[in-house]
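All remarks here apply to the structure that follows.
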Amino acid sequence: MALEHVSSQRLRSEAKTDDSIDVTDDVDFVAYYERASGRLVVDPEQAKVEFGEVMASRLKLSPDGLKVLWPQPADDPNDPQNWTDFRKTVHLIIITMSAVVPDFDSGIGIASIFGLAQTYDTTSGVINDLTSNWSIFLLGWGGIFWVMLMRRYGRLPVLFWSQLFAFAFLIGATLAPNLATFAGMRCLTAFFGTCPQVTGLYVVTDIFPFHLQARKLNIWTSGFVLSPYLSPFVFGFLVARVSWRWAYAIGSIYSAIVLFLIVFFMEETMYDRHLASKPLQISTGLQYRFKTLIGVTGYKMAQYRPRWPEVLLASLDVVWRPQFFFVVLFEALVFGFSIGVNTTNVVFMGSPPPVGFGFSPYAVAGAYATPIVAVLFGEIIGRYINEFIMDLHIRKNGGFFEAESRLWTCYLAMPLYICGFLTLGAGIQNLSEAALIMGWGIAIVAITLNTVAVYAYCNDCFPRRAGEVSALLNLARALGGFAVAYFQVPWATKSGGLMVFGVEAALVIAMFFIAVPMTQLKGSYFRARYAL
């Protein structure tokens, strides 16, 4: 027995040395989860070795008893981790529908591009450059701003006010009498509307335990990956018959529905876990809900939360760290080129030969069913692949999970990405409709798989910085897409689609080999050396 006790103490001492986690007889599980930074004990049996029999017996486990829950739910009904599955699912649906709004609204301009050019007496290129590209640019920067407010005042009030203003500005774009007004309204809609695309990662990590987060992120990310293709598909048929203003009016109705769901069904998911040891009153009633919605409750709670200097510099404090920086550059190229494809494919499909396919407005709209179906395929494949990789890694790694295992999905995504982009480029160059459809679909499946893996990995590395991680990834993919739309059409017209998409695929694969294998090999060192 004495020998067994010494062996246990030695293992626990080694865990403390290797991972810089203070493992004592009285473990602060909140601090452990935050400081572990991508390396968590998941197997309950291994937890007994890591924390000792007494502390391990206090750990809350998944319903099947096979996984330790991280973060550990507090003994408090107000903790969103303790909500019912139905309540959590409602919030996931609402935040996913909300995540559709920004790119859905932006994509209305793609469906309406020729109608807008006719109304404002200009060219489709001017509409793209002045409205589409700049709205994409502001989609990225808006997220950085909204995360700062959410760190201080909570998720719900910031989401509510941002979507209210986005809704108002979208109505302004619908009624805009001239191009300058329309461009201003559309850009402001993007800046305010982007909030759900950074709130979603917060909400998923607020309400779901670690081992379910990749599955739920798969659903949420599918919302914003799908959204830029949804509006051209839906409204392409509409604008072929009626004014583009009807498309924006229907987009406003969708925003109003999402705003209604936020007001009446969404709850605050931010839980100040460090204050859980203090007695917390269960607050209910219409007055409390109204105060939480408009931000009064969040304003009062701000005194217990990070101060403004920390909040303002938080994104900069994350972006330079090597376990994040290289992977984000990789994702910026992967997703950025997909945004460029979305804004330029409509030009290729609508332009007459030899530049484009000369599709009718109905054919262009129908073609956008391709990426929609591809996103759904990507969601289904990703759901099972990510969970399989996680469970396999935990078994092979002695009951521990390490964040770098998330990136194995990228190895599946990249061959699909190459195949998709080369086929898409060949289809545009040779005006092959079959190649266009197949290449586009395969590429979007790859992008969906890769995006979920990157989001899950970065979130695991920075459990206290989910908002900043989401905002920086959102900015990276937006800046990538903003740049591509300016050069892709002229370049493809001059050199051919195969050259353009081939070079883009080559850049992505080069960045993949630079970022992913290195991060997997050195990730544990990076996380220990450059932890927050």
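Cβ atoms here come from the backbone N, Cα and C positions, even for glycine.
Curation plays no part in TrEMBL annotations; they are all automatic predictions.
Quick look at what TrEMBL lists:
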DOMAIN    91-520  domain 'Major facilitator superfamily (MFS) profile'
TRANSMEM  92-114  transmembrane segment
TRANSMEM  134-151  transmembrane segment
TRANSMEM  158-177  transmembrane segment
TRANSMEM  183-205  transmembrane segment
TRANSMEM  217-240  transmembrane segment
TRANSMEM  246-266  transmembrane segment
TRANSMEM  324-342  transmembrane segment
TRANSMEM  362-386  transmembrane segment
TRANSMEM  407-428  transmembrane segment
TRANSMEM  434-457  transmembrane segment
TRANSMEM  469-489  transmembrane segment
TRANSMEM  495-516  transmembrane segment
Notebook entry, point to check: Can at least 3 Cβ pairs under 8 A be found between the transmembrane segment (362-386) and the transmembrane segment (434-457), with each pair 6 or more apart in sequence?
Noted result: yes
Note to self: Limited to the domain 'Major facilitator superfamily (MFS) profile' (91-520), I'd like the whole-number average of pLDDT.
What the structure shows: 88
Checklist line | Leading stretch by Cβ pairs under 8 Å, where the reference is the transmembrane segment (183-205) and the options are 246-266, 324-342, 434-457, 469-489, 495-516 | finding: 469-489
Next item on the list: For the transmembrane segment (217-240), could you work out the same-chain residues 6 or more beyond its ends whose Cβ comes under 8 Å from its Cβ atoms?
Entry: 92, 95-97, 99-108, 110-112, 114-115, 197, 200-201, 203-204, 246-247, 250-251, 339, 342, 346, 360-362, 364-366, 368-369, 371-372, 375-376, 378-379, 382-383, 386, 444, 447-448, 451-452, 455-456, 459
Item checked: Same-chain residues near the transmembrane segment (469-489), Cβ under 8 Å, at least 6 residues beyond its ends -> 125, 128-129, 132-134, 136-137, 139-141, 143-144, 146-147, 194, 197-202, 315, 318-319, 324, 328-329, 331-333, 335-344, 347-348, 454-455, 458-459, 461-462, 500, 504
Note to self: With Cβ-Cβ distances below 8 Å as the criterion, list the same-chain residues six or more beyond the ends of the transmembrane segment (92-114) that contact it, or say none.
What the structure shows: 124, 127-128, 131-132, 135-136, 139, 159, 163, 166, 170, 186, 189-190, 193-197, 199-200, 203-204, 207, 216, 219-220, 222-224, 226-232, 234-236, 238-239, 244, 247-248, 251, 254-255, 257-258, 261-262, 265-266, 342-343, 346-347, 350, 361, 365
